[in-house]
Each structure stands twice: as C-alpha cells, then as structure tokens.
Amino acid sequence: MAERHPERSTEAFFGRRRGKRLRSQQTAAVEKLLPRLKLDLSSPAPAALDSLFGKPLREIRLEIGFGGGEHLLNEIRRHPDVGFIGVEPFVNGMAKLVAALEGEAPPNLRLYDDDATKLLDWLPDSAISRIDLFYPDPWPKKRHWKRRFVNKANLDRFARVLCVDGQFRFASDIEGYVNWTLLACRAHPDFRWVAKSAEDWRHPYEGWPGTRYEAKAMREGRHPAYLTFVRV
C-alpha cells in the first residue's frame, strides 16, 4: 500500500494565487458560497466520504486544478448521484466557478482552494473513483520540471485514495508533458494505461464540454492528448 503521507515538495505545483482583480459579482459569490462548499481539513476525513455531502452518493470523484470550472460544472449537472470535489488554488478560477453557480450550492459539490497534496493526504484510502487532472501547468523549463504535478510521490497519493479499477485521467496539449506522464504512469506498479489504439487518446472523453484553454491551444495548432490510466 502507498504510504499515507509521501514526500511533499518544498515548492508549490502551482504559480500565482491571484490574477486580475475580481469583479464585484465574483467577490460576492466567493463570500457567499465558498464557506458553504469548502472542505475543512482540520478534522480527520470521515470513513464514509459521502457524509461530506449530506446524502448517499454512488461514488466520489476528484478534479485537481479545474481552471474556470467548465468541465466540473458540466459533470455535477450530468451526474447528480455522484459527489465531486474540485480543487483550485488560483483565486480567479475559483471565483469563476462559484459565480457560475448563480447563488446555488449544489449538494453534490465540495471545493478546496489550497494545495491538492494536502487534500490527497487527508482523504481516506480507496475513497475516490476517479481523479481528473486537465491542462495542468507544464512548467516547460527543465529546472522547473520538479514542480510538475505528475511525479512519483503524487502517483503514490493517487494510488492510495483511488479504489481498485478507479481512473486517473490526464489531458494536455503539451507533448513533453504528455510523454512525461505516460512514462511516469507506465513505470508505476499501480497504474495501467488503457489505450488500445491512437484513437483512444486523440479524442476527448465522453461528455467532454471543452474548455477555453483547450480552444485556444487548438487555434494555435496544438493538439491535446486525453490519457486514461486504471488503478490496478
């Protein structure tokens, strides 16, 4: 079994915490909804993770670095019987998502606005059915590669919290980071790449809504890859 608290990097996996000044509507949404949806890690995680949502749920999924929230919003509406935990340390991304909720706190959504490794270390074993990591910061300079989120320590974290046959999904338009992730996951004993042909990773996931970042990448001639790994 992977250890509960693997090594944590001394440098954050994310860059700035804040970008442009928030609009008044976004500020109001953050002040109203984030306290209601934010997870409190000061107490141990419950063994039955759906108790965080106050109702029985079919499964719990995790999205790390949800950006503007396009995919996460689409998923919580498509699957009301599934619990979703969204992690986004960038203030502007969190503000976009909560503003899009239009004052409603979906019962199947919980949020966390800090380092995802803290949340991963807090979660109980085998509690998550799927982890999504889409378009993470590629940290293109070689001296910054140690800050890429996909690494041995974080794959150990994923392996601990994912149930057997759970999925880790990764999408990126940066070929170097795609290859990096393939090599890391194929070298890890707890993950298996499920692609049987190139068509399996060239096309978006079922129900994929697209994102603004993805659209920009494609306009600039970069072609995303959509990888899926299974916890064995």
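From the backbone N, Cα and C atoms, a Cβ is placed for every residue, glycine too.
According to Swiss-Prot, the S-adenosyl-L-methionine binding site annotation covers Glu63, Glu88, Asp115, Asp137. In the shown protein chains, 17 other C-beta atoms lie within 10 A of the C-beta of Asp137 (S-adenosyl-L-methionine binding site). Annotation note: Asp137 (S-adenosyl-L-methionine binding site) sits in a coil segment as assigned by DSSP.
The feature active site is assigned by Swiss-Prot to Asp137.
Residues within less than 8 Å, Cβ to Cβ, of Arg212 (substrate binding site) and separated from it by at least 6 positions along the same chain comprise Gly68, Glu70. Residues or ranges marked as substrate binding site by Swiss-Prot on the basis of sequence analysis: Lys141, Asp173, Thr211, Arg212, Tyr213, Glu214.
Note: the CA-CA distance between Asp115 (S-adenosyl-L-methionine binding site) and Tyr213 (substrate binding site) rounds to 21 Å. On the backbone, the CA of Thr211 (substrate binding site) and the CA of Glu88 (S-adenosyl-L-methionine binding site) stand 15 Å apart. In space, Tyr213 is the closest of the binding-site residues Lys141, Asp173, Tyr213, Glu214 to Glu88 (S-adenosyl-L-methionine binding site), judged by Cα positions.
DSSP assigns Glu214 (substrate binding site) to a helix in the three-state reduction.
Cα spacing between Asp173 (substrate binding site) and Glu63 (S-adenosyl-L-methionine binding site): 18 Å, rounded to the nearest whole number. On a Cα basis, Asp137 (S-adenosyl-L-methionine binding site) lies 12 Å away from Tyr213 (substrate binding site).
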